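The next block holds one structure in the form of structure tokens; read it before the comments.
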Amino acid sequence: MTLRHFLADDDLTPEEQSKILDLAVALKADPTARRPFDGRTVAVIFDKSSTRTRISFEVGVTELGGHPMIIDGSSSQMGRGESISDTAHVLGRNVAAVVWRTMGQERVEEMAANAGVPVVNALTDEYHPCQILADLQTIREHKGATQGLTFTYVGDAANNMGNSYALGMVLAGMHVRLAGPEGYLPDPEIVARAERLAASTGGSIDVTTDVRAATEGSDVVVTDTWVSMGMAYEGRETVFMPYQVNHELMSLADPEAIVLHCLPAYRGKEITAEVLDGPQSRIWDEAENRRHAQKAVLTFLADAADISSDR
Ligand code: CP
Ligand code: NVA
């Protein structure tokens, strides 16, 4: 038995990531083929708002044979100051896995260090690794493979999506270009980690303020809100408007390029309605694939921990 967690994209090897995506495809074709949580409960805790993550985990855990226990973090005793480690011990005595959307990455790390069951990051300020698996599944569906493709992320390249794309897409062998305004580019530590991964996957990472150069000939063009949960809106529109994904920017990408957005989207801000709702957009497949990809990662973690024998 190996206790594994999924807290950041590079918690997986390239081979493991690929295996999970294969399983996600199989589970999309046959949603109840695997039931690793039969008779067990998975805690799904939200300290921030959610539509897709909540829906996909609640339905997904049910399809895996388990009971999803959705918890509003602010209504738990953690909201009144009970420690993460005490909460983790109690969760670990009762549930088969913990899925948590919260603020700082150190919070999910503390949960993982103390729960004794697999912990999945359902978005922190620093990473959103479940979203990246869904995006990869979508790219595989529409492009056949990920290896060697050019992937461009435009906008707030210092946020959780920027970090996770840098790591997760390089892990999948893609040439990743992150374009954002000065002051909104990823931490050098993230870039260094992506560069180390690139050496073994054949991918690459480039960071730039030049949005046009970053989009030129790209196979996948992606953006995210300019104002992530917990951030202040003030002044951001002026800084980010040159990084809007619109028809003119898309004319620079490969003619067969697809467009992704993790959602929620703000039409007329980070992306125009004509692109988001246009023929190159694959956002509804992407949103659906959250469920399949997360079921695959939960199954991978359950198999590693051998939870079916842990009754
Ligand atoms: N993409 C995503 O995580 O959506 P929610 O915030 O609605 O869960
Ligand atoms: N960067 C966004 C992603 C939402 C799914 C946020 O953190 O709010």
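Here the Cβ of each residue, glycine as well, is placed from N, Cα and C on the backbone.
Residues annotated as domain 'Aspartate/ornithine carbamoyltransferase carbamoyl-P binding' in TrEMBL: 4-141. Along the domain 'Aspartate/ornithine carbamoyltransferase carbamoyl-P binding' (4-141), the predicted structure has mean pLDDT 98.
When Cβ atoms from all protein chains are considered, those within 10 Å of CYS130 (carbamoyl phosphate binding site) total 27, not counting its own. Residues annotated as carbamoyl phosphate binding site in TrEMBL: SER50, THR51, ARG52, THR53, GLN77, ARG101, HIS128, PRO129, CYS130, GLN131, CYS262, LEU263, ARG290.
Marked as domain 'Aspartate/ornithine carbamoyltransferase Asp/Orn-binding' by TrEMBL: 147-300.
Around the Cβ of ASN160 (L-ornithine binding site), a 10 Å sphere holds 22 further Cβ atoms from the protein chains shown. The L-ornithine binding site feature in TrEMBL is assigned to ASN160, ASP224, SER228, MET229.
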Using a Cβ-Cβ cut-off under 8 angstroms and a sequence gap of six or more, which residues of the chain neighbour HIS128 (carbamoyl phosphate binding site)? ASN121, ASN160, MET161, SER164, CYS262
Counting each residue once, how many in the domain 'Aspartate/ornithine carbamoyltransferase carbamoyl-P binding' (4-141) are helix, strand and coil under DSSP? 71 helix, 21 strand, 46 coil
Below 8 Å Cβ to Cβ and six or more residues apart, same chain only. Which residues does that give for SER50 (carbamoyl phosphate binding site)? ARG101, ALA122, LEU123
Among SER50, THR51, ARG52, THR53, GLN77, ARG101, HIS128, PRO129, CYS130, GLN131, CYS262, LEU263, ARG290, which the record lists as binding carbamoyl phosphate, how far apart in Å are the two most distant Cα atoms? 31
